Amino acid sequence: MSLLIADLTRGRMTEFQEKLRQQHEDSMHRELEALLGTATEPDAQISKKDFDGFKKLFHRFLQVKGPSVDWAKISRPPEDSIQPYEKIKAKGLPDDITASLNKLAVVKLNGGLGTSMGCKGPKSLISVRSENTFLDLTVQQIEHLNKSFNADVPLVLMNSFNTDEDTKKILQKYKHHQVKIHTFNQSRYPRINRESLLPIAKHMGVSGDNAEAWYPPGHGDIYASFHNSGLLDKLIAEGKEYIFVSNIDNLGATVDLFILHHLMSQPAERRCEFVMEVTDKTRADVKGGTLIQYEDHLRLLEIAQVPKAHVDEFKSVTKFKIFNTNNLWISLLAMKRLQENNTMDLEIIVNPKTLDGGLNVIQLETAVGAAIKSFKNAMGVNVPRSRFLPVKTSSDLLLVMSNLYSLDAGSLTMSKRREFPTTPHVKLGSSFTKVQDFLTRFENIPDMLELDHLTVSGDVTFGKNVSLKGTVIIIANHGDRIDIPAGAMLENKIVSGNLRILDH
């Protein structure tokens, strides 16, 4: 760990530390200038803007002294700052919701790759349901909205340098859909060596040995990159007032007309500039960011900001009952104001990584929801769990591919045939991690309408038309294999040992 990082965590800067900080900053600026010298036009202009943003972040990173929150100052948000969804829904809808829809744009965060699920290319291009990808479902949802209400809601994709090229190739196929699609790129920042605090990049290229030198700096970058791209001004000029932002892999994040109407019906002087959709925490969500009251502002508290001694308290379902779904409604004019006045203060997330060659680097990132404290009249809305349906793993994928959900115009809803609305708890072992392996292990997706809990570990395959009910645990020990036969019905069963079914 560099001397500076060690010292900063101890508190006030001495004169020596101040000189050291200045030295680090000067060295960083020199390195960035040298890197820019290797860029070709028009990339150089874009990279210069990216580096301006990075310099600000690096400057703040060097100033930070220890945890960014004082635990003693944290309190629960006031009652009225987090509204129950039912209360907002009870207001009903106006006759002309189209007018409100025409002031909305949908932004999907599309910077991530499918690597954690064993896929190459953008995560949004993974098939999740009936041959439809995340992107297909998003386009279908918005097209359905536009057709149903004769509206013009555009889709905006925030890509990263990792996903932009592949995404743009695919966009051709939506040419004849009733959805305008815009894209912009989030910034490209340099990874820095943890010891020297200097970029590891040798030049501005992103191929070969330089590929690992860059990273997209988290979704908090949306404010700067959206503004820099010119798209923010373009949408404002077209009469758009709000954006609905969500992760493209959250299949529950559809445009909610009741929240939209609530935003549009506020008097001008009390206009809510930022809504964060939160939902009740379960044991599976203990690491999710939560809303707190801090120094008279609503603020997002992420686990990375919590002092070590308080992590268990943070994870408690009783003290912090809700978590951030990352479904956000943000005023475009407010976004422009805060960006141009440089008054958006996002906490820095320091993300340490070890590269393939063993080099320790750090990435400086920010989160989009952290800006909530900078917006006027910001509030949370406690939404049903159905608005949070992320697909991060093959276990999530199994749920959304199953008969637990029905698909209608790009939206997934819990099947009416399931008697209780909770989602089963599914844990698939490492043999299922990669989507390709996962698909070869199921001849078709089992009937899961009455399932509560499924754990599968080891070399396990499922035949056709299997039915799983209650709690089912299937464990094949090392060297064993279990083939669940076609047509099997497992209800409250533990299956272990060896079960082979071979073609005769």
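Here the Cβ of each residue, glycine as well, is placed from N, Cα and C on the backbone.
Per TrEMBL, these features apply:
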| type | residues | note |
| --- | --- | --- |
| BINDING | Lys123, Gln186, Gly218, Asp249, Lys392 | UTP binding site |
| BINDING | His219 | substrate binding site |
| message | Just to verify a number: CA distance, Gln186 (UTP binding site) to His219 (substrate binding site), in angstrom, no decimals. | response | 8
| request: Among Lys123, Gln186, Gly218, Asp249, Lys392, the annotated UTP contacts, find the widest CA pair distance and round it to a whole Å. | output: 21
| request: Enter the number of other CB atoms within 10 angstroms of the CB of the residue listed as 'substrate binding site'. | output: 24
| task | Round to the nearest Å and give the CA-to-CA distance linking Lys123 (UTP binding site) with His219 (substrate binding site). | result | 15
| Do you know offhand how many angstrom separate Asp249 (UTP binding site) and His219 (substrate binding site) by C-alpha? | 14
| said: Using other CB atoms within 10 angstroms as the count, which residue among the binding-site residues Lys123, Lys392 scores least? | reply: Lys392
| note | Students should find that the Cβ of Gln186 (UTP binding site) has, within 10 Å, a number of other Cβ atoms equal to 28
| field | Cβ packing number for Asp249 (UTP binding site), 10 Å threshold | value | 22
| Whole-number Å value for how far Lys392 (UTP binding site) lies from His219 (substrate binding site) (Cα to Cα) | 16
| What residues, ordered by sequence, lie under 8 A Cβ-to-Cβ from Gly218 (UTP binding site) and sit at least six positions away in the same chain? | Ile349, Asn351, Glu365, Thr366, Ala367, Val368
